[in-house]
Amino acid sequence: MERGKVKKKEKEKETQKEKIREKGREEKVKRKEVEQKIKQKEKENQEKQERRKRKEEKEEKRTKQGKETKKEKEQFKGQEEKGENKDSTLTRTPLEPLEKNKQILVLGLDGAGKTSVLHSLASNRVQHSVAPTQGFHAVCINTEDGQMEFLEIGGSEPFRSY
């Protein structure tokens, strides 16, 4: 009987040891899962930071482009004034390929303010009245996306061909 009791105790000890081993294995698996989750979160945080950096760089580029366009507008103001004194037409050379440029034809009745609107857009300030168009005006306005080229055909009757 003592042998039977000893064997039962040994079996119980072995089963307890096996249970402890299984718990240890399960804990290791849980630790690995937790570590993997932590690594995934770190990767996601790094990706978010990289996205933020990219966005900031894009915004900086946009602001730089905005500053450049302001500088270009200031440079062209002198050219516009010279052009207005000669034939009252504005001419600028395209700065970018035509793929990014947009061409817009401006039409309207006499005295509708087409020229005033174009000059206001080009100079970023309000201009109330400009002399009537004789012939045509070509006005280029730089934007973030590219360049917009406006062609205004003279509004006064003698210059229209029917």
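Cβ atoms here come from the backbone N, Cα and C positions, even for glycine.
TrEMBL annotations: computationally assigned, not manually curated.
Over in TrEMBL, the protein carries these features:
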| type | residues | note |
| --- | --- | --- |
| BINDING | G108, L109, D110, G111, A112, G113, K114, T115, G155 | GTP binding site |
| BINDING | T115, T133 | Mg(2+) binding site |
| COMPBIAS | 1-89 | compositional bias 'Basic and acidic residues' |
| REGION | 1-96 | region 'Disordered' |
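The Cβ of T133 has fewer other Cβ atoms within 10 Å than any other of the binding-site residues T115, T133. Neighbour density for G108 (GTP binding site): within 10 A of its CB lie 13 other CB atoms from the protein chains shown.
The distance from the Cα of G108 (GTP binding site) to the Cα of T133 (Mg(2+) binding site) comes to 12 Å. Counting other CB atoms no more than 10 Å from each candidate's CB, the binding-site residues D110, A112, K114 peak at K114. K114 (GTP binding site) is 9 Å away from T133 (Mg(2+) binding site) when you measure Cα to Cα.
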